[in-house]
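A.B. asks: Quick one: the structure is below, and I'll ask about it shortly.
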There are 2 protein chains.
Amino acid sequence: MARYVLKFGGTSVANVTRLQHVAHIIKKQADAGHELVVVVSAMAGITNKLVEYAHSLCPDKLTNEHDVVLSSGEQITSGLLALALSQLGFQSRSYLAWQIPIQTDDTPSQGRISNISTARLEECLRHKRIPVVAGFQGVNSEGRLTTLGRGGSDTTAVALAAALNADRCDIYTDVDGVYNADPRLVANARKLSRITYDEMFEMAAQGAKVLQARSVELAMKHGVKLRVLSSFVETPGTDIVKERENVESTLVSGIAHSQNDVRITIKNIPNHAQSVATIFSHLAENAIPIDMIVQTSVVHDHVDLTFTLLHSNLERAQHVLKEVQKIIPYSQLDIDTDIVKISIIGVGIRSDLNSLQLLFQTLAIHNISVQLMTTSEIKLCVIIDKHHTDVALNALHQAYELEKVAA
Amino acid sequence: MARYVLKFGGTSVANVTRLQHVAHIIKKQADAGHELVVVVSAMAGITNKLVEYAHSLCPDKLTNEHDVVLSSGEQITSGLLALALSQLGFQSRSYLAWQIPIQTDDTPSQGRISNISTARLEECLRHKRIPVVAGFQGVNSEGRLTTLGRGGSDTTAVALAAALNADRCDIYTDVDGVYNADPRLVANARKLSRITYDEMFEMAAQGAKVLQARSVELAMKHGVKLRVLSSFVETPGTDIVKERENVESTLVSGIAHSQNDVRITIKNIPNHAQSVATIFSHLAENAIPIDMIVQTSVVHDHVDLTFTLLHSNLERAQHVLKEVQKIIPYSQLDIDTDIVKISIIGVGIRSDLNSLQLLFQTLAIHNISVQLMTTSEIKLCVIIDKHHTDVALNALHQAYELEKVAA
């Protein structure tokens, strides 16, 4: 007998038929004698609808009330799936974050889990019941509801797996595993049978939608075994592991891309030591994370600052930066929404000069200019014009010989 | 300065524009210096959608999971309205039942409020904040979510008004007050400027949808002043009061009707003393309330039993009665869904023989036969064929001279 956390994403629970199908997947594991804790996302589409409501009433900031509204989506699914399991003859009940509780810090919309009490879930398991936990949500020190950021149900699942010492955390989704590039855009994309935590983290952080990056980080930290698999078709899926057996054989494990970013350039910032720091601290106070940053062209004591952030934060960021202009009188704000971020991911990639050269060479052959670039131990990351997405992805996939990767 | 509880129903908060309008109604009261506690229903349509989901997964009984699913509708509205009020410059926050808490017994889908802690709401009011409470929901002794039955947000509002010693509880809805008959069906229906608790209770219990019957009962018990008014148009509304000033002048205060009932006849029940009791106790155990009951025609130690129940409970009732047949071998189950229940309501109506005679006379003139009839101190109640609804309502309205009622 093993203990598994099973997490089902929005498309897996999108309607009554899908919920019943998920109940049968769970039944198969339960019948095999395993102890199961289930985590669910909101039914596909619901969260977007709720975000839309909240945004039209309050477009300029995120508050605890946004979390009250948004967390109801997962509440609905947890109740419905518990009902579906009961109909199959299992003892099952829903758990909301405040009933467990899953405690978080106070940051609205981006709460981080600080503690999980396992007593109630352990008791539930002792009584041979299947708990269905509402993902994505938490409760802060004041007893108010919080949410864990987009895709936060993955984090709920991994955090529960760690707290409950589960043997594995299975993430059921609408794709059948992790691919080394987006299979909808790259014909030769290959499904990986295994990938390391590090690589998966970068793939997720750089746009591969299959897992929330924070959940991978958490799994890595607590050594939670992760598996990504489909709730639609029965295929093996991808295991996320500590180390690849033969890490030397393929340096680059995958290519991720994201079209969710926008590039902002602030021009002619008076070069006081404090100016740039002030800009970033205002963005941070408003919970707007920024990604790639480049500071350029000091002219007459003035600097230009370029960075990227999520498209969904653009409206709020513009609002904040307009306010900041009253303190830091910069001359101009340029926004480019037609960009794509492409990331080449592999353990040790920065120390391999060939990889970097190959990247620029391949893009140059296709006349694609790099607008912005950053690197880390494990990835090379470039911003290019959005309409080059397809050409760039396929060319890079071929250049790095990813179609030869043994799955 | 007065303290008011303001309750807004589903159509009043049906979309973002309506929510903003409601925020302005609240602003007007707040600007006048009043202390306000707001209670909200789910946005129109949402509860039906959630009921549909839960019902298709589990059609045969109501459980705590139904409550988990359904209560999310009010959670969404409370968060959204708090956001809308914040945008108008008020300090506001949502309160869910478990955060207050509003405690109920353990009956799923029909919880009754057992206790309300007022400390947190009082503190909220002391800080000049406007609390927006999610109606319809409670939390039971085990910390699980419950709901208070359809229209239960009215009960939440009245119970809060009682617990907080509010000066009045205003129920905002999509009609501009209480009418002595349904104005959509009876052209001469008149809006009442005031109506007694007793009469309002019967009007509500017998199908007038403007208020949940239990909420009127609760208001009567605790002496909470109630006002029914529109969130769509600015008109005076109807006050629900203890006594009418001139109660003799009009005996009959109104006519209510309901098309939500079905009539069930169980034929040839073996007349053991326990049989009928067993049938009713099985229905009660499955939380299926029954309304009008008539036991007829004892033939050879067998009885027929006729009663009405809500259409929404029919499917579950059929399931229960089929099971019961294994214990009580009755011969036949007849179901009639084409019925309407019409109720003539007025203080002291049963002791007035003219009223009863007038009812039968009026229906007879129009060749409408009475299928079932019950009376109480304050109402006469008949079941007739549904397609006579319009004719019967208008004829009775004229017969009882309700068009002459001084509003």
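Any Cβ shown, glycine's included, is placed from N, Cα and C.
For A:Lys7, A:Phe8, A:Gly9, A:Gly10, A:Thr173, A:Asp174, A:Tyr179, A:Arg184, A:Lys209, A:Val210, the entry in TrEMBL reads ATP binding site. Residues or ranges marked as substrate binding site by TrEMBL: A:Thr47, A:Glu74. The domain 'ACT' annotation in TrEMBL covers A:264-340.
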A.B. asks: Counting other Cβ atoms within 10 Å of each Cβ, which of the binding-site residues A:Thr47, A:Thr173 scores lowest?
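C.D. replies: A:Thr47, out of the binding-site residues A:Thr47, A:Thr173, has the fewest neighbouring Cβ atoms within 10 Å.
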A.B. asks: If I take every residue in the domain 'ACT' (A:264-340) and average their pLDDT values, what number comes out?
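C.D. replies: Across the domain 'ACT' (A:264-340), the average pLDDT comes out at 85.
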A.B. asks: Give me the count of other Cβ atoms within 10 A of the Cβ belonging to A:Lys209 (ATP binding site).
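C.D. replies: A 10 Å sphere around the Cβ of A:Lys209 (ATP binding site) contains 17 other Cβ atoms.
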A.B. asks: What whole-number distance in angstrom separates the two most remote CA atoms of the ATP-binding residues A:Lys7, A:Phe8, A:Gly9, A:Gly10, A:Thr173, A:Asp174, A:Tyr179, A:Arg184, A:Lys209, A:Val210?
C.D. replies: 24
A.B. asks: List the Cα distance (Å, whole number) between A:Thr47 (substrate binding site) and A:Gly9 (ATP binding site).
C.D. replies: 12
A.B. asks: By DSSP, what is the split of the domain 'ACT' (A:264-340) into helix, strand and coil residues?
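C.D. replies: Its residues divide into 28 helix, 33 strand, 16 coil.
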A.B. asks: Name, in the order they occur in the sequence, the residues of the same chain whose CB lies under 8 A from the CB of A:Gly9 (ATP binding site) and which sit 6 or more residues away.
C.D. replies: A:Ser41, A:Ser153, A:Ile171, A:Tyr172, A:Thr173, A:Asp174, A:Ser231
A.B. asks: Which residues in the same chain, at least 6 apart in sequence, have a Cβ under 8 Å from the Cβ of A:Tyr179 (ATP binding site)?
C.D. replies: A:Ala189, A:Arg190, A:Lys191, A:Leu192, A:Gly254
A.B. asks: What's the CA to CA span in angstrom from A:Lys209 (ATP binding site) over to A:Glu74 (substrate binding site)?
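C.D. replies: The Cα atom of A:Lys209 (ATP binding site) is 19 Å away from the Cα atom of A:Glu74 (substrate binding site).
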A.B. asks: A:Glu74 (substrate binding site) has how many other Cβ neighbours within 10 Å of its own Cβ?
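C.D. replies: Excluding its own Cβ, A:Glu74 (substrate binding site) sees 31 Cβ atoms within 10 Å.
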A.B. asks: Express the distance between the Cα positions of A:Glu74 (substrate binding site) and A:Lys7 (ATP binding site) as a whole number of Å.
C.D. replies: 12
A.B. asks: Counting across all protein chains present, how many other Cβ atoms fall within 10 Å of the Cβ of A:Lys7 (ATP binding site)?
C.D. replies: 29
